[in-house]
């Protein structure tokens, strides 16, 4: 029998034709298959295996793979003949396959997968290394081998580690270009490392090859940059303004590229939001505030996210040159290093900012249509979008092939109708432009849905075909190498068109020229701003404003204190809500439920009864009024009519009287608890002053002013009063009513929203109202809740609705529909266009 590094000759002879290894090996001076080796006699096998082992120990991947396959076959033959050394042969085979896989052999990795599935040669000692081989990319393995060879070239004397001086001297000797020298110098930061070993060097090089680490471009590499570096800030601003702007741009790109996600997370004040929701949102929030503020906040946050993602794209693209230089340098030490594969893998793993960009784009387009355009600088954003589109075209592509240029040309042609909308309508010129850059004719597919036919439509139709052709390049590698970066440029141009529709020529001139001039005049602007702020502060420092400032700061200190309490984990004595214990989770759950109840009440969906059938007065009268009382009694009518609670009515009645049922003023109730002098000062700061009584023309207002002045009152906060009104209305007990005895009184409760209209409705006026049956149904004076009122007998017909969000909800639905239509037009115009006429109340 042979040792464990050979197979039994008899067994080999029996299985020559059944051998599985048919791949060729190279690097040994021969070109021989595994089958040829197994056909040789024992001495020749031993001689050849000795040469193979020498080549394998020297790092020959084919030799290592060959030995691995050889010993796997020997193990199979040993099992067939009852050889006790089969396990040792399997371990030997796996060890050779591990060495080959570490150098990037895909065949060795595939064989290791089979070994793991069959538990062949896998032990507790090598399982961790096998898992590393299976989960590490081929590119990284090849790069590690090249990095080891590079370190040996840097360390020819085979020191255990290199000091800073030794390392830099070796780098100077081995580098062929300035970029290579900078790459190697920045690969190891001696601020944190005193010396560099081979393992540390390999890890740093692989990390650099993945794209981690700072850029190698140094703006201080020339004599001019050295002069700029030594100049003062004023000298930089006046004498080196272009260099200063370039430095600021480079710093912005690098900082946004490395810290962009931190910035995006920091703009979401999570703890402060929790505190505000828990302690203050119920008393100040309203649907109007939400529909105004939330779209604008979402728009600006998403737009900021798009810019940050764009900076990250620029940063990753600028690092691509470092990746190429590093791959080319490693290829000198390992010929199988593929620069193209390294570049593709880096670009594939750099797509995260693009996904964030596209998601943010969706939010920007949706919220832009939903938000108030008066609070969006469309002209400035149009110029910024155009500048970013140009920057993306120049920075995110290394090759401007005909497909990219053709898609840009088609996209520009497709958007020309929008730009020509604001051009003067010169008779002949307008007709020519309309023929070439407008719609020749439109086909209406449905209400408001049109398909346009013309030159712009045909140009836009060609764009997706060009996109598919871009993606098809290099076996669909063009998807992430060409198409996705080009889509960023494409959508910035679409954003320019979207903002341009809401811009003016004056605004565009201001945005393009005014802000550029402001950059160079910024020193004067800073001085002017300081003088303006100083003058404003001097005018602001009055007693009333100081009281207002101090009071405001005290009020703001409350949420700030809550924020610090949240930062400490809501600690109360020894109990902490943020410690993750079971008690804390229960407490947080209870707080969440308690906080959700009011919100659920405020923002609950509208009852289906608001839009469903309504109870008529004749129906209510026969069930719950005097006819029913005469049959039985009022109690029986109230029991029967309790089933009507929550239903809507639409009645016409005569106003008997309108009274204030309740007055709420939480601010005044709080100030009444303070000393008189303090409360009076705060009232003057936040309320209104009584006018000079002699200047008041209205006798009633003058009398009120005189009485208040006699009491020593100077200010009031009655403007913060919130009233609850009660309308006493008369409805006929029969259809031929002609006196008061034949009427039934009902009480209709109205909220403060109806104050303006109710103050103008007098006694005896005829009103039509929609309300909900609430309480005292079947009694003498039932109570209803008002949702809509129209004065039909007033000289000027007045209508007011506040259905607990009914009209506001309709406006929100209209805005959402408009936003959806605008988004469809953003992506489909000019081929498909949705024309709508949505009017908000």
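Glycine is no exception: its Cβ is also placed from the backbone N, Cα and C atoms.
TrEMBL annotations: computationally assigned, not manually curated.
The shown structure was predicted, so the numbers you read here are calculated from the model rather than taken from an experiment.
The transmembrane segment annotation in TrEMBL covers 351-368, 374-396, 403-420, 450-472, 478-500, 512-534, 546-566, 586-604. Taken from TrEMBL, the feature domain 'Wolframin cysteine-rich' applies to 617-719. Annotation source TrEMBL lists domain 'Wolframin OB-fold' at 721-835.
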When DSSP states are grouped into helix, strand and coil, how many residues of the domain 'Wolframin cysteine-rich' (617-719) land in each?
59 helix, 21 strand, 23 coil
Could you tell me what the rest of the chain brings near the transmembrane segment (450-472), counting residues at least six beyond its ends with Cβ under 8 Å?
403-404, 406-407, 410-411, 413-417, 436-444, 478-479, 482-483, 486-487, 490, 829-835
Could you pull the average pLDDT for the domain 'Wolframin OB-fold' (721-835)?
80
Helix, strand and coil residues within the domain 'Wolframin OB-fold' (721-835) as assigned by DSSP:
33 helix, 45 strand, 37 coil
